[in-house]
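Colleague: Here it is: the structure, laid out below.
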Amino acid sequence: MSCPNLLPQLQHHLTKITNSSFTIPLKQFIQPTPMDSQRSTHTIRSHGLALARIHFHDWLILSLLLAVMIILSLVHPFNRFVGRDMMTDLKYPMRESTIPFWTVPLYAVLLPVAVFGAFYYYRRDVYDLHHAVLGLLFSVFITGVITEAVKDAVGRPRPDFFWRCFPDGQDLYDQWGDVICHGDINVIRQGHKSFPSGHSSWSFSGLGFLSLYLSGKIKAFDRQGHAAKLCVVFFPLLVACLVAISRIDNYRHHWQDVVGGGLIGITMAVFCYLQFFAPPYYSEGWGPYAFFRALEDSCAITQVSGLPPTRDGVGGHVEIQQRGTGRDSNSAMMCSHDGSDMSIEDLESGGRQS
């Protein structure tokens, strides 16, 4: 068959393909991702006040946790027995802290909040901003309460306790062999608060939460093999580790203290993060649960309204379907304007599953 005879046939087949239903996936392929399609939909101005009212009790509990943490920090710790033979491991010199305590809230609380604000500036999603801040504060405050309570209950002496108790180097003991301190009472009181490390627990609770948040936002576990994303995820944890190590270098804590504090902090970070966000390795791990619930509610309203479809999912005919079990049973479904079902994963992959 000659080439001129092929041209009309090719044109005929291309016309059939163009008019067929195979063009639907192409239209869906160029649709924006859920993160982009929902931009400017839920802002502080439109949903902020209502969201704060819904979570009023959560903010009230946060205030109580803060008050309890402050009270526990003022309580005198358990006056543990410290004998002469124990002083061998407690004669390390007193040094200034490499990381002063007043800097801990700056990098463990304010820095993550600044990151949350940057993502809000890009997405304009008040659900993400509110729940990230709320989860972070719960992580830090619960960690603070646990840390201070354990410090007071254990009363473990710090590595530099000898110089806190005897600043002039002249040790004195009672008839039972316990120390009779003659140093500054506040310095001595802080000397009995070695376990667990507050710097370590606060650092891992705040920066650990930030690490989880970033891993969800950049989709670090999307099975695409982009190992560079892990550098972003692990960097906050590296900072927390360095802060914890500095407490050992300054002879303010034993190694067991920073390990215990780190475990408390990272555990609270994981629990509090999962209270508001899906695990980072889930397909919907980039957003809070509340965002997907609001999206489903708006889709359900459009089933009754019969309005034409809009950019934020309000209007038009929609169907919401939960497919699968396990992790997929929690997947949020996007509104479909042609009567078909379309998931978050479908939009992100650029096509519709068959």
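Glycine too: its Cβ is placed from the backbone N, Cα and C atoms.
Quick paste from TrEMBL:
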type	residues	note
DOMAIN	131-273	domain 'Phosphatidic acid phosphatase type 2/haloperoxidase'
TRANSMEM	59-79	transmembrane segment
TRANSMEM	99-122	transmembrane segment
TRANSMEM	129-150	transmembrane segment
TRANSMEM	227-246	transmembrane segment
TRANSMEM	258-278	transmembrane segment
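For the listed features, I'd like the structural context: burial, neighbours, distances.
Modeller: Counting residue by residue with DSSP, the domain 'Phosphatidic acid phosphatase type 2/haloperoxidase' (131-273) contains 97 helix, 2 strand, 44 coil.
Sequence-distant contacts of the transmembrane segment (99-122), counting only residues of its own chain at least 6 positions beyond either end whose CB sits under 8 Å from a CB of the stretch, comprise 39, 44, 128-129, 132-133, 136-137, 140, 198-199, 202-203, 205-207, 209-210, 213-214, 217, 239, 243, 246-247.
Sequence-distant contacts of the transmembrane segment (227-246) (same chain, six or more residues past either end, CB-CB distance under 8 Å): 97-99, 104, 107, 197, 199-200, 203-204, 207-208, 210-211, 214-215, 218-220, 258, 261-262, 265.
Same-chain residues lying 6 or more positions outside the transmembrane segment (258-278) and placing a CB less than 8 Å from one of its CB atoms are 131-132, 134-136, 138-139, 142-143, 146-147, 150, 195-206, 208-209, 211-213, 216, 240-241, 244-245, 247-248, 284-285, 287-290, 330.
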Colleague: Where else in the chain does the transmembrane segment (59-79) make close Cβ contacts, counting only residues six or more beyond its ends and a cut-off under 8 Å?
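Modeller: Same-chain contacts beyond the flanks: 52, 134, 137-138, 141-142, 144-145, 148-149, 151-155, 189, 192-193.
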